[in-house]
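Visitor: My questions all concern the structure below.
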């Protein structure tokens, strides 16, 4: 047997990794020193092109389920919040906390995801993320109080942060270079698809009893997380992580699952070369961070990457997706209608993200980003103008000089969380005799439920706030008042707490939200993720992708 044959045999992954060669040199150290022509392995199993493609698509699907969960858990709260608020009588502060706790958990987990994935591997972090998603879904669905719900939202946020960092890394390090950008965009498509599915689930479960519907909305996230966990168990670790932890046979085997043999060997040598340079420098993780900021080209790439993520969030997408149902409700639509109508921008987000996947290589990243940014600015300005006009033209309210609700318009009244706007609805469709009155959270459900005919809002001010907490007051007291059965009075009281009576511009808000999504989704949505997966050298990729400015930017949301 020739010396070359011996070297080839030593590179065979089926052999035990025992000491070989002279002295105390181990096999993996020996393999790292071998030239390119000496590291091919005839013993590594090869696969047909169809099987390699199927394996790559399966790997992308199971890992991108982390993106689906990201989208589902951030999108489902839009419709669920309307039911949670009613079930727990939540204050505005609690509503904001339910949303922001997920963001807080995601921000913390995103900062830790990079170092943890470097230490333990990309695959274990994804398994951990899917497990955390499952636990969070169970906690939220069984929450007996708002405080437990906050805990569940925080746990889900940890899963979001881990997935947001680990999934793009896992896909970009596993995919061939020519498919890397497109497969990362698939992850974004799963995010937007998860948001759309969440709105449909919200609408479907909005017909269930109040205390059941929102629990199923939140709890269903446990199903895809279990599928993700089981699927990833059969997926390999990324070749790059394996080489950097001197697991050469496993890295080769992983590459042979995803590449044709010649390409696999070539890429293995490139990764080994990167590792040799990294090992020769003997940089600790903090030294890699220093090098990242002191290398001009990488520093500029980091500025671009962090800047793109920052402006993506400043574009308002999280506000629109988290609060789409609330925004539509504020325009004057009833709760259930608002939940279903929220599916329109969510569906547009999904469709136009796929359009971006088609256009990204035809138009180019720069043109697509610039056009997307201009459209986002225009649509947000139009949305703000529509709400301003609706506020100016909102029905007048008769100030009653009672506490803090001496306000003169419906817009100002419902803008105060402690006030409610009561108005008489006449058969011809008009609203008259609007008044603004203190409306504690405990009274809202009864005020909305009991709409006793033939009585005007003015009658409420003949009572005390204590009287208004008694359901018998609503159901019986007015019916005994003189004239309560009079057919000549064709008025019906209606209460509004978060919006004013339907405005002529109410439907415009749906159109503008869709226009906003149509501009955002193809460019500002997926391209920051795609570009970040492409602009860093291999030695800096995982550290740069998980850098604190970018990690925090990925999961930061602006609360309205």
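Every residue, even glycine, has its Cβ placed from backbone N, Cα and C.
The structure displayed is predicted, hence computed values, not measured ones.
The feature compositional bias 'Low complexity' is assigned by TrEMBL to 36-46. The domain 'Major facilitator superfamily (MFS) profile' annotation in TrEMBL covers 59-560. Residues or ranges marked as region 'Disordered' by TrEMBL: 1-46. As annotated by TrEMBL, transmembrane segment applies to 53-72, 92-113, 125-144, 150-171, 183-208, 214-235, 300-323, 338-361, 368-390, 505-522.
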Visitor: Which residues of the chain, 6 or more past the ends of the transmembrane segment (125-144), have a CB below 8 A from one of its CBs?
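Guide: Those are 63, 65-66, 69, 73, 113, 116-117, 151-153, 155-159, 162-163, 166-167, 170, 215-216, 218-222, 225-226, 228-229, 232-233, in sequence order.
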Visitor: Looking only at residues six or more beyond either end of the transmembrane segment (53-72), which have a C-beta under 8 A from one in the stretch?
Guide: 47, 126, 129-130, 133, 159-160, 162-164, 166-167, 170-171, 174-176, 179, 183, 186-198, 220-221, 224-225, 227-228, 231-232, 235-236, 257-258
Visitor: Have the transmembrane segment (368-390) and the transmembrane segment (300-323) got at least three CB pairs under 8 Å, pairs 6 or more apart in sequence?
Guide: yes
Visitor: Would you kindly list the residues that approach the transmembrane segment (338-361) from elsewhere in its chain, counting only those six or more residues past its ends and only Cβ-Cβ distances under 8 Å?
Guide: 75, 78-79, 82, 181-182, 185-186, 188-189, 192-193, 195-196, 198-200, 202-203, 206, 320-321, 324-326, 328-329, 368, 510, 513-514, 516-518, 520-523, 525-527, 530
Visitor: Considering every residue in the domain 'Major facilitator superfamily (MFS) profile' (59-560), what is the mean pLDDT value?
Guide: 79
Visitor: Which range wins on Cβ pairs under 8 Å with the transmembrane segment (214-235): 183-208, 300-323, 505-522?
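Guide: Checked against 183-208, 300-323, 505-522; highest Cβ contact count belongs to 183-208.
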Visitor: Using Cβ atoms and a strict cutoff of less than 8 Å, what residues sit near the transmembrane segment (183-208) while being 6 or more residues removed from its termini?
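Guide: Contacts of the transmembrane segment (183-208) (Cβ under 8 Å, skipping residues fewer than 6 from its ends): 60, 63-76, 78-80, 83, 167-168, 171-172, 175, 214, 216-217, 220, 321, 324-325, 335-336, 339-340, 342-343, 346-347, 349-350, 353-354, 356-357, 360, 521, 525-526, 529-530, 533.
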Visitor: Hey, which bits of the same chain come close to the transmembrane segment (505-522), Cβ under 8 Å, at least six residues off its ends?
Guide: 192, 315-317, 320, 324, 327-328, 331-333, 341, 344-345, 348-353, 355-356, 359, 368, 371-372, 374-376, 378-380, 382-383, 386-387, 389-390
